[in-house]
Amino acid sequence: MEGSDNTNTHCWICKDEYNVSTNFCNCKNEFKIVHKNCLEEWINFSHNTKCKICNGKYNIKKNKKSCLRWKCSFMYCNVPAICVSLICLLLLPLTILLVKFNLKSMLENIENRDLIALISAMAYSLPCVVGFITVVHILIALYDYYLAAKSDNTTYQVYEYI
């Protein structure tokens, strides 16, 4: 290192020279020297609003984009689970129709009316239960996707302590 003083004048993130003394947390010595842009990128990547060295909380402001300006990514999406759920939803009406026609012809031969009512109720309710569970699963997957996208579309702006 050139120069006569022993102080480290390099940003601890990008290692470029930095001559301005800013105070974003309680760190001393070389960890105190950091570019504002480098620190903001670091915080936006890690989503950690506290310094890992001194545990001091950064003076930050959250900037949330409006939902219409979000950048969405399929990397948060559980694609196999959503595909299985959509296939179940597509097969649901077909299953109900098959149950209806096959059950009707099968039950015409049975004389006990109470047994017929019980079998009918079970046969019709099972596809409905599967459909309900599938819809709930899709809603949960969409909510998880929303939370991940919301987190990814929030940026932090750091300010110096005064």
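Our numbering is plain: 1 for the first residue shown, then up by one each step along the chain.
Glycine too: its Cβ is placed from the backbone N, Cα and C atoms.
What Swiss-Prot says about this one:
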BINDING   CYS11, CYS14, HIS35, CYS38  Zn(2+) 1 binding site
BINDING   CYS25, CYS27, CYS51, CYS54  Zn(2+) 2 binding site
TOPO_DOM  1-78  topological domain 'Cytoplasmic'
TOPO_DOM  100-121  topological domain 'Lumenal'
TOPO_DOM  143-162  topological domain 'Cytoplasmic'
TRANSMEM  79-99  transmembrane segment
TRANSMEM  122-142  transmembrane segment
ZN_FING   3-61  zinc finger
Greatest C-beta neighbour count within 10 angstroms, which of the binding-site residues CYS11, CYS14: CYS11
Cβ-Cβ neighbours of CYS27 (Zn(2+) 2 binding site) (radius 10 Å): 17
Chain residues outside the transmembrane segment (122-142) and at least six past its termini with a C-beta under 8 angstroms from it: 77-78, 81-82, 85-86, 88-89, 92, 95-96, 99-100, 103
Residue counts (helix, strand, coil, in that order) that DSSP gives for the zinc finger (3-61): 15 helix, 7 strand, 37 coil
For the topological domain 'Cytoplasmic' (143-162), distant same-chain residues with Cβ under 8 A (at least six beyond the ends): 22-25, 36, 39-40, 43-44, 47, 49, 58-65, 69-73, 76-78
Extra residues within 8 Å (Cβ to Cβ centroid of CYS11, CYS14, HIS35, CYS38), Zn(2+) 1: TRP12, ILE13, LYS15, ASP16, TYR18, VAL34, ASN37, LEU39
Nearest-integer angstrom distance between the alpha carbons (Cα) of CYS14 (Zn(2+) 1 binding site) and CYS54 (Zn(2+) 2 binding site): 19
